[in-house]
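What Swiss-Prot records for this protein:
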- 5-237: domain 'PABS' (DOMAIN)
- Q34, E108, D139, G140, P164: S-methyl-5'-thioadenosine binding site (BINDING)
- H65, D89, D157, S158, T159, D160: spermidine binding site (BINDING)
- D157: active site, proton acceptor (ACT_SITE)
Amino acid sequence: MRLIENWFSERYSDNLQLSFRVQDQLLSVKTDYQRIDLFNTYDFGKLLSIDGTVQLTEKDEYIYHEMITMVPYYCTAKSDSALIIGGGDGGAAKRLIDLGIKRIVNVEIDQNVVEISRKYFPELADSFNNKNVELIIGDGIKYVKDTDESFDLIIIDSTDPVGPAEGLFNKSFYENARARLSDDGIIVTQSGSPYYQPEALKMATKGMLDVFSNVRTYIAFIPTYPSGLWSFTMASKSEIMQRKDNIIPGRYFNEDVLKGSFYLPEFVKNIIKSI
């Protein structure tokens, strides 16, 4: 991360970065787990960065949060309960509430993410006050290993597979998660930019393929993430089928997006085939 002459830049490589002109920096804090920065930008409103990478902005957060929740929701036979690992901003929980999920457990490792989101992104973090949401501050990997509860959806709303999130992308975690899924349940994770982070997509896909027989990747356009092309990878013990019931659109998500998001560019298919 760089902040030079009122520009915040996320570096993708030594030769490439995406820069946002900022009005001011609202905070910078080093927690026990990560560095959190918050900026007020001209074009995207408030921007939350963790360890130098963009996590969300006011202007486009809805795309990521709709796609990580609504796609798996409409690919399950039923969705009465959900577990979110990460998601300390509350955006994923908010979408699941809107979808009518009756029980949502949200496990976030860093209390600071929740507190910052409550203050600066209340439209998202107010979801934690909903009666259907149980917020747990703790290690999601340990929670999945220790709990006896099963869920129809498990959503891995984490940072990239480094630091505290690294353990969310391996076979051991997926084995424990499989035991926590209902028979027709789905687990989904963000799996990075296929263009700039193919290893993240490979890591998520391989980890799931080692444990699940049904694994699918889908994509979305998120303008503030590397390249704008972002991948998500889901898995189930059962066949993954799109439901036939009435699909309620979001601001980005709709019935066409649900179908089209699974049509992958050839280079993305080749990344997956190379595993």
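Here, residue 1 is simply the first one shown, and the rest follow in order.
Glycine residues also receive a Cβ, built from the backbone N, Cα and C atoms like all the rest.
Only D89, S158, from the binding-site residues H65, D89, S158, place their Cα within 10 Å of the Cα belonging to E108 (S-methyl-5'-thioadenosine binding site).
Neighbours of S158 (spermidine binding site), defined as other CB atoms within 10 A of its CB across all chains, total 23. The secondary structure of H65 (spermidine binding site), as reduced to three states from DSSP, is helical. Recorded residues G140 (S-methyl-5'-thioadenosine binding site) and D157 (spermidine binding site) have their alpha carbons 11 Å apart, per Cα-Cα distance. G140 (S-methyl-5'-thioadenosine binding site): 28 other CB atoms within 10 A of its CB, across all protein chains.
Note: the CA-CA distance between D157 (spermidine binding site) and D139 (S-methyl-5'-thioadenosine binding site) rounds to 13 Å. Between the CA atoms of D89 (spermidine binding site) and Q34 (S-methyl-5'-thioadenosine binding site) there is a gap of 15 Å, rounded to the nearest whole number. Under the DSSP three-state reduction, G140 (S-methyl-5'-thioadenosine binding site) is assigned to helix. Under DSSP, D157 (spermidine binding site) is assigned to a strand (E or B) in the three-state scheme.
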